[in-house]
Amino acid sequence: MRGRGNARSLLVQAVSLRPATWHPCLDMGHLHRPSSRTSHRNLPHVFLLFLFVGPFNCLASYSRATELLYSLNEGLPAGVLIGSLAEDLRLLPRASGRQNQQLLHPERTASEGNPPLSFSLASGGLSGQYVTLNNRSGELHTSAQEIDREALCLDGGGGAAWAGSTSIASSPSSDSCLLLLDVLVLPQEYFRFVKVKIAIRDINDNAPQFPISEISVWVPENSPVNTRLAIEHPAVDPDVGINGVQTYRLLDYHGMFTLDVEENENGERTPYLIVMGALDRETQDQYVSIIIAEDGGSPPLLGSATLTIGISDINDNCPLFIDSQINVTVYGNATVGTPVATVQAVDRDLGTNAQITYSYSQKVPQETKDLFHLDEVTGVIKLSSKIGGSVLQTHKLTILANGPGCIPAVITALVSIIKVVFRPPEIVPRYIANEVDGVVYLKELEPVNTPIAFFTIRDPEGKYKINCFLDGEGPFRLAPYKPYNNEYLLETTKPMDYEVQSFYEIAVVAWNSEGFHVKRIIKVQLLDDNDNAPVFLQPLIELTIEENNAPNAFLTKLYATDADSGEMGRVSYFLGPDAPSYFSLDSVTGILTVSTQLDREEKEKYRYTVRAVDCGTPPRESVATVALTVLDKNDNSPRFINKDFSFFVPENFPGYGEIGVISVTDADAGRNGWVALSVMNQSDIFVIDTGKGMLRAKVSLDREQQSSYTLWVEAVDGGEPALSSTTKITILLLDINDNPPLVLFPQSNMSYLLVLPSTLPGSPVTEVYAVDKDTGMNAVIAYSIIGRRGPRPESFRIDPKTGNITLEEALLQTDYGLHRLLVKVSDHGYPEPLHSTVMVNLFVNDTVSNESYIESLLRKEPEINIEEKEPQISIEPTHRKVESMSCMPTLVALSVISLGSITLVTGMGIYICLRKGKKHHREDDNLEVQIPLKGKIDLCMRERKPVDISNI
């Protein structure tokens, strides 16, 4: 089958194509024949099968039942191609009804004019919601209804829900999720019933989620190290496979716990809490952390919940008395039921493990037990009978505090009975503040001098002077109330703070002049007020996170305390108005997360406020500042300022001179943004300074050897792994006038050319041909004759632009002989033009009869006066008038021409041959030799290698 892409580059592929089932009415010659052994063994079964299905199958003799399986990702947009039934069933367009003939002879069936194929779903059902079928082409596409695998399969509980021609099927033991369709291929001639199965592949579009936001786990305090406890309510992820929950972790282990994950045979992962240290409930009874579930998608998605680990109590503590002995005084006239003392033991355990009962020791006499009643629950000792005259004055009460499974704690109470012959003073309170069961309730921050109660002091005997004072510590004062001498007012002396001390116990003591006194205990309970705002542990919360973080990445857990109690001390957390929208803060747990990927190059630092608000009325709040720094990752390649660079450099530029700066930047920071430059090609010629980006040439560059260079420069950053980019650099060499013209013809100062006396004025005689390796004006050449030698050398002139030498005047009898022209070839270079010279030898005669004579003349040093006249090149051609000569030379010339016509024709033939020979010499690749004349002119002989001048 063919793979098909989609708009999000998700593979949609038909993974299998089952062959058509065998039909008994098809041509047996084209069927696969089983082996003889198999056919003999299964012959009865095959025969029975023929008898049963043959009649039904023959009703549609050419039908074929076929099954196709495709797969695609969930969440694809509308119009994504799933598969082509016509292609995958190998059905040709406009095929005939006989499929065997169609497949074997398509050219024969195409001409029969059979009706075209058509495809249709067996019935409507749910197919229109998820897929569309093209009735002509047989192409299946996704519809506008987006396919959600979790909604299709997980909601079905692993079964199948059929609706017409479409159904959804899933297996609870696997990750398969199938969309089933029945497709009919018509017309009847090649009818097929096709079962199409579309496997819906899962993508990571769901984050793990815990069923509850707060999970509680109870661990006995005597649990040994490595104890494992399963955490109930594990996270649920509707995705399957690697996209499901893969692992768990704790945000804060407290050094006491860790997590392990176990996978059962069904692939379900359960987190286990493992005890890593010794626990003591009495030291710390609770640990709070954040449990995070993470799936295996890319990028992974996270879910979190608050994990509260409670330490359950065991009976590892016994009751304990703070004191070993107490001393109590009882007046002899005390009434029955008067409290004598209270014993109280402490057990640090909880619940039934801390249940304490009090009892007398067996050493306590029964008479004492009858006199003093001990409450076994509260430990209160009361006078149970009236004190008689014969009662002992001192009683020793040995009291036991009993705990479950413990040795009793022991305390001794020594009770001294004071015989009284008169009645003690009386203290009668009248409460102003709210009082319930002997406890006075005051609001904190009540103003100074807040009245609490009036106390009236009475002397039953009426004959003693009674004094009164306040016993105990606290911001209270007991002062006489002025209008009445025997009344006192209890009031506050300064504002009280619940958070400093919430409970006070004081006593009003009255005594008479005989030394007898009585106490009245006053208990004061402060009521908390919302007078404290939450306080962050740090006013500035500095955080860091690497860029390109996963979505919903954890940043920190905010924590603020409130000294108030109850709801007034419960703190909620909120983002400030200046916080970007992609930051989120859990109001209950204080967990701060970022929902999107951060890019350091877009923004490196974030600074915003967070609020901690209590639940008091009115609520109080405090503000902290979050300073988040995004750490850099090497996610940006170096970037050149220009796509490519071009530099113009004069030739002969000195080695290691500065050609130009290659500017490159890297948006990353630190080492990730450090860029090193290097030349990838021609590094033997060029080098680049990494620090400055300066490009230099190691050697001097000659334009005539190479006019331009193309370099590739690579920029590599210092990240791990390193990122790089390249750019193209073009270096164009600018020409300077460093090459004089090179004379190619004539090739030697010793060569000569025969000029016939019959040559007409204005006729070309020869030429000087030179080239210059420079360019532009440096290569524009001008020709001039700067020296002449011969009978009448001024008879010849040279074209300053072309170098053509022509005869100016008709040759006379006196002009016979050797004419020597010193030609200067100059360029137009700036600032100093360069030049070369060449000697042009012209021998005027009818024939060359003695070459040795001519060569001897050429070997003599000519005495030539140098003319310093510069050649003038004009755009328009110039013409010189040929001055009229005397009649005699003209007549002689005409006579010679008329008498020597044959000689003239012969001379012209020789001239033509010489011209062809010159062209041949120009094309020769031998060494070109320029031989200057010796003599007064300071010339030298130079040899040059042949130069290709085809472009001149």
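Using the three backbone atoms N, Cα and C, a Cβ is placed for every residue, glycine included.
Residues annotated as domain 'Cadherin 1' in Swiss-Prot, with sequence analysis given as evidence: 64-210. Positions annotated as domain 'Cadherin 2' by Swiss-Prot, on the basis of sequence analysis: 211-321. Swiss-Prot lists 322-536 with the feature domain 'Cadherin 3', giving sequence analysis as the kind of evidence. Look at Swiss-Prot and you will find 537-640 tagged as domain 'Cadherin 4'. Swiss-Prot lists 641-743 with the feature domain 'Cadherin 5', giving sequence analysis as the kind of evidence. According to Swiss-Prot, the domain 'Cadherin 6' annotation covers 747-864, on the basis of sequence analysis. The N-linked glycosylation site annotation in Swiss-Prot covers Asn135, Asn327, Asn333, Asn681, Asn749, Asn804, Asn845, Asn850, and the record cites sequence analysis as its basis. As annotated by Swiss-Prot, signal peptide applies to 1-60, with the evidence given as sequence analysis. Among the features that Swiss-Prot reports, topological domain 'Extracellular' is placed at 61-891, with the record citing sequence analysis. Sequence annotations record features per position, and here Swiss-Prot assigns topological domain 'Cytoplasmic' to 913-952 based on sequence analysis. Annotated transmembrane segment per Swiss-Prot: 892-912, in sequence order, evidence recorded as sequence analysis.
Projection of Swiss-Prot feature records onto the structure.
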| residue | record | DSSP (3 states) |
| --- | --- | --- |
| Asn135 | N-linked glycosylation site | coil |
| Asn327 | N-linked glycosylation site | strand |
| Asn333 | N-linked glycosylation site | coil |
| Asn681 | N-linked glycosylation site | coil |
| Asn749 | N-linked glycosylation site | coil |
| Asn804 | N-linked glycosylation site | strand |
| Asn845 | N-linked glycosylation site | coil |
| Asn850 | N-linked glycosylation site | coil |
| message | Please identify which of Asn749, Asn804, Asn850 has the densest Cβ environment, defined as other Cβ atoms within 10 Å, among these glycosylation sites. | response | Asn749
| task | Within 10 Å of each Cβ, count the other Cβ atoms, then let me know which of the glycosylation sites Asn135, Asn845 comes out lowest. | result | Asn135
| request: Determine how many residues of the domain 'Cadherin 5' (641-743) DSSP places in helix, in strand and in coil. | output: 4 helix, 48 strand, 51 coil
| remark: Averaging pLDDT over all residues of the domain 'Cadherin 6' (747-864) gives 88
| note | By the 10 Å Cβ-neighbour count, the most surrounded of the glycosylation sites Asn327, Asn333, Asn681 is Asn333
| field | Summary of DSSP states over the domain 'Cadherin 2' (211-321), given as helix, strand and coil counts | value | 3 helix, 54 strand, 54 coil
| said: Which one is it, among the glycosylation sites Asn135, Asn327, Asn333, that lies nearest to Asn845 (N-linked glycosylation site) by Cα separation? | reply: Asn135
| If you measure from the Cα of Asn804 (N-linked glycosylation site), which of the glycosylation sites Asn135, Asn327, Asn333 is the nearest? | Asn135
| task | On the DSSP side of things, how many residues of the domain 'Cadherin 4' (537-640) fall into helix, strand and coil, could you say? | result | 4 helix, 49 strand, 51 coil
| How big is the Cα-to-Cα gap, in Å, between Asn749 (N-linked glycosylation site) and Asn850 (N-linked glycosylation site)? | 19
| Between Asn681 (N-linked glycosylation site) and Asn327 (N-linked glycosylation site), how far is it from one CA atom to the other, in Å? | 104
| task | Would you mind reading off the Cα separation of Asn135 (N-linked glycosylation site) from Asn850 (N-linked glycosylation site), to the nearest angstrom? | result | 105
